[in-house]
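**Student:** These came from TrEMBL, pasted as-is:
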BINDING   174-176, GLU194, ARG199, 240-241, 261-265, 271-272, GLY490  NAD(+) binding site
DOMAIN    16-134  domain 'Urocanase N-terminal'
DOMAIN    138-346  domain 'Urocanase Rossmann-like'
DOMAIN    349-542  domain 'Urocanase C-terminal'
Amino acid sequence: MPTPNPRHPNFPIPGGPQLRAKGWRQEALLRLLENVLSVGEDPDNLVVYAALGKAARNWASHDAIVSALKSMDEDQTLLIQSGKPIGLLKTHARAPLVIMANCNLVGQWAKAEIFYELERKGLICWGGLTAGAWQYIGSQGVIQGTYEIFMRIAEKRFDGGLAGRFILTAGLGGMGGAQPLAGRMAGAAILVVEVDPERARKRREIGYLEEIAPDLDTALAMVDAAVKDKRALSVGLVGNAADIYPEIARRGIVPDIVTDQTSAHDLVYGYVPRGYTLDEVRELRRTDPAQLMSASRASIVPHVEAMLDFQRRGAEVFDNGNLIRTQAREGGVENAFDIPIFTEAYLRPLFARAIGPFRWMAQSGDPDDIRRIDDRLLQMFPDNWIVTNWIGLARRYVPFEGLPSRIAWLGHGERTELALAVNDMVGKGELLAPVTFSRDHLDAGAMAHPNIMTERMKDGSDAIADWPLLDAMLLCSSMADLVVVHSGGGGYAGYMTSAGVTVVADGTEAAAERLSHALTNDTALGVMRYADAGYEESLEEVAKKGIGYLGVK
Ligand code: NAD
């Protein structure tokens, strides 16, 4: 039985024992599509997150995907091009059920303006990373990543803890909405500036944000009191970050950590420039996108200048993957890249070992299935501090959204081990229904993004997109259930390519084989990508785990 969804009543949360497709593999992918809409930002328009990240091209495409998933046999493969189903072909029962290519434009054409034009003509749509591939699990998908960033900063700068520290950030959207909870879990007092009051309210309703302050003075007083008491606190403030950041700097206040997660990558459909109301921006999106683009870029200039100012005065400032430095540099802030990117600054040693954001979703819709998997995970990896610490925190703080899911940063071998144990649990009836395994596209072998994931790689291979393409082909050869190649849309056009994967653990021997090949090879490629770029940790991992890297110079 689907569960009612108070946030989006027309998009119930899937679940229950009833199959509508011819098998659990197809049913699970159908539920994942339903799930991304149930937890999405604007499901009526098929938008899942990041302003334009869509689950399907349009409603006709959506409906055709649903009927194909319901009617297809296990030995067929559904082809999806930028959110539109193109054909259902006979392959074989070990082939992927769904393969997708979303938003891939030829190099010289991969520009925001061309993307918008093709999008308006209905020829393309952007899948974000996990939106178009039906792998998004709500804001919790980025919570652990954000939390791990804060903790790496705590280790680097603040004796391992953030109690009594002030984090300033902006954006309470689909991804950015994770920030207040991650900051609170890390023990900090976090202030999040958000221009849209509706977004702030939504985050408070689902328990990710504790308080909304009526004005800046009150917000700063609340943060100040929490810092003095070394009390964890999350406060939202409705306002424009391009006004509020410079004002905080003008008052001489220097937060300990500063970042930003507005949709700065998209100057038309994402970022809201200062001096404009939300209604004016909505109107300009329709009538004069070019004016909006230049207003947004002009607004990002003081926004990033304030971040640089905080950095000069000692704050730990980083770009959290929204292209804000790139936009600022194009707007004339020549030293915007003095701000480091989070991947290089804090997470690269983990990615070099292919430790990254692995996740699983309980198809039953029952949170107890996730709790049982948590228990098994803790039994299996008692010495893995990142995992044991995270599961304890997640159980305490992270509310389930949509299909009950869990994220945990696991590496090569660990992912496969867990997935096989869970498949066994499904087979023995210890879980109510199958479980799907997936991961973020921001993963070791899966993404080329020279301003985010692969910035300043040791060997300078930042812009080479062969790795995600190899990854996707390898995943098809490794019998994954869904494989996707995504490239950037909107302001990300021309900036990135990534690969995504989903495998269904339905308790069968065949699923064990699929999980084993797909998950093992996916992380093996990740380790090899970094080994090839000369990272010591990766070469150690190759030797320790017997990964078949050839090491040709
Ligand atoms: P979203 O579009 O759902 O939310 C963005 C929010 O920013 C909206 O609520 C919007 O109202 C707000 N906003 C826009 N302009 C503002 C301004 N000037 N001041 C204050 N608030 C403003 O997007 P999202 O899914 O939350 O993602 C945010 C950004 O982070 C995107 O650029 C996305 O691509 C990026 N991202 C990075 C990572 C990562 O790996 N670190 C992960 C996910 C998303």
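Placed from the backbone N, Cα and C atoms, the Cβ positions cover glycine too.
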**Student:** In sequence order, which same-chain residues at least six apart have a C-beta under 8 angstroms from GLY490 (NAD(+) binding site)?
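**Tutor:** In sequence order, ALA51, LEU52, ALA112, PHE115, TYR116, TRP126, HIS265, ASP266, VAL268, TYR269, GLY270 meet the Cβ cut-off.
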**Student:** By a 10 A CB contact count over all chains shown, which of the binding-site residues listed here is most packed: ALA241, ALA264?
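**Tutor:** The most densely surrounded of these binding-site residues is ALA241.
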**Student:** Using a Cβ cut-off of under 6 Å to any atom of ligand 1, determine which of the binding-site residues GLY174, ARG199, ALA241, GLY490 qualify.
**Tutor:** GLY174, ARG199, ALA241
**Student:** For GLY174 (NAD(+) binding site), list the number of other Cβ atoms lying within 10 Å of its Cβ atom.
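**Tutor:** The Cβ of GLY174 (NAD(+) binding site) has 28 Cβ neighbours within 10 Å.
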**Student:** Can you check how the pLDDT averages out over the domain 'Urocanase C-terminal' (349-542)?
**Tutor:** 97
**Student:** Enter the number of other CB atoms within 10 angstroms of the CB of ARG199 (NAD(+) binding site).
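**Tutor:** Here the count is 21.
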**Student:** By DSSP assignment, list the helix, strand and coil residue numbers for the domain 'Urocanase N-terminal' (16-134), in that order.
**Tutor:** 43 helix, 24 strand, 52 coil
**Student:** Would you count the other CB atoms within 10 A of the CB of THR262 (NAD(+) binding site), including those on all shown protein chains?
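**Tutor:** Other Cβ atoms within 10 Å of THR262 (NAD(+) binding site): 28.
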**Student:** Using CB atoms and a 10 A radius, I'd like the single residue among the binding-site residues GLY176, TYR271 with the highest neighbour count.
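**Tutor:** Buried the deepest by this measure is TYR271.
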